[in-house]
Amino acid sequence: MVPAAGRRPPRVMRLLGWWQVLLWVLGLPVRGVEVAEESGRLWSEEQPAHPLQVGAVYLGEEELLHDPMGQDRAAEEANAVLGLDTQGDHMVMLSVIPGEAEDKVSSEPSGVTCGAGGAEDSRCNVRESLFSLDGAGAHFPDREEEYYTEPEVAESDAAPTEDSNNTESLKSPKVNCEERNITGLENFTLKILNMSQDLMDFLNPNGSDCTLVLFYTPWCRFSASLAPHFNSLPRAFPALHFLALDASQHSSLSTRFGTVAVPNILLFQGAKPMARFNHTDRTLETLKIFIFNQTGIEAKKNVVVTQADQIGPLPSTLIKSVDWLLVFSLFFLISFIMYATIRTESIRWLIPGQEQEHVE
């Protein structure tokens, strides 16, 4: 029993030794996990400054290319400019372009100049490289103002151009009209052509005098509303001729001069049509402007539409008359429908008889 008791302490010691080895082996993974977590935490803390550190390294390598002798000095100057020595400047470096970095640059002494080489030269290179983006960003608004003009300025510039074009068109008339001799003439009225009269008989093909011709119809309300204004034109322009004709009675002339709708106003020089009035607002003032722009002849002042112009010679009220062409068209259409109906009924009666004869 004594030897067994004497052997127990070495066995216990061996068990304790193996237990310590086992604990040490099992503790390695746990310690590795702790080291990994600690390294990951440190890496995450240092991650925000990573782009700036890479940029600083890049700038340091660029300086080494320019100045191989001053590697350590350039690195120190770069760290001093970037503010990597103090922990309070990390937020400044995170906003390099706007804000605090500009304040930091402005707070530095302005007496530092960029010399040709040395420590000051490397510092200037680092600063210029770091804040080149800031300088470029400051020039973007200037470029935008240079290439893009404001709408108000563009409109104000276009207005004088339009005015100049109008003045040029007014100074140089498109149609050179020979003014007629009005000596001894007191009554200036509009002449209306009847069905037997031809327009070419009133136009001089060998002359350069101008005539304003109106194509109208008495049943058109637009022609009736234009009539008083057109009746007053001979008094405003006594040097010109004014004619009016019923387009329904002179269909050949309407087709010849492209009258597809009434009222239609054409300006003739001799026997040649030169201009057409295309404005929807048909008043005395717009007609004056049209004639002046085309011929350069100014209208007489104080000429307005009077009560006599409402009466004639061109009627200003709708004339109700029978349109025989419309009556004939309706009669032909009704006759054709009746004839087609009768023929259809007779065909229906004939078809059963033909079938019966065919069976027999």
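Each Cβ is built from the backbone N, Cα and C atoms, and glycine gets one as well.
Worth saying up front: this structure is predicted, and the values here are computed from it rather than measured.
Looking at ASN278, ASN293, Swiss-Prot tags one of them with N-linked glycosylation site, and that residue is ASN293. Residue annotated by Swiss-Prot as N-linked glycosylation site (from the set ASN181, ASN206): ASN206. The average pLDDT computed over the topological domain 'Cytoplasmic' (343-360) stands at 63.
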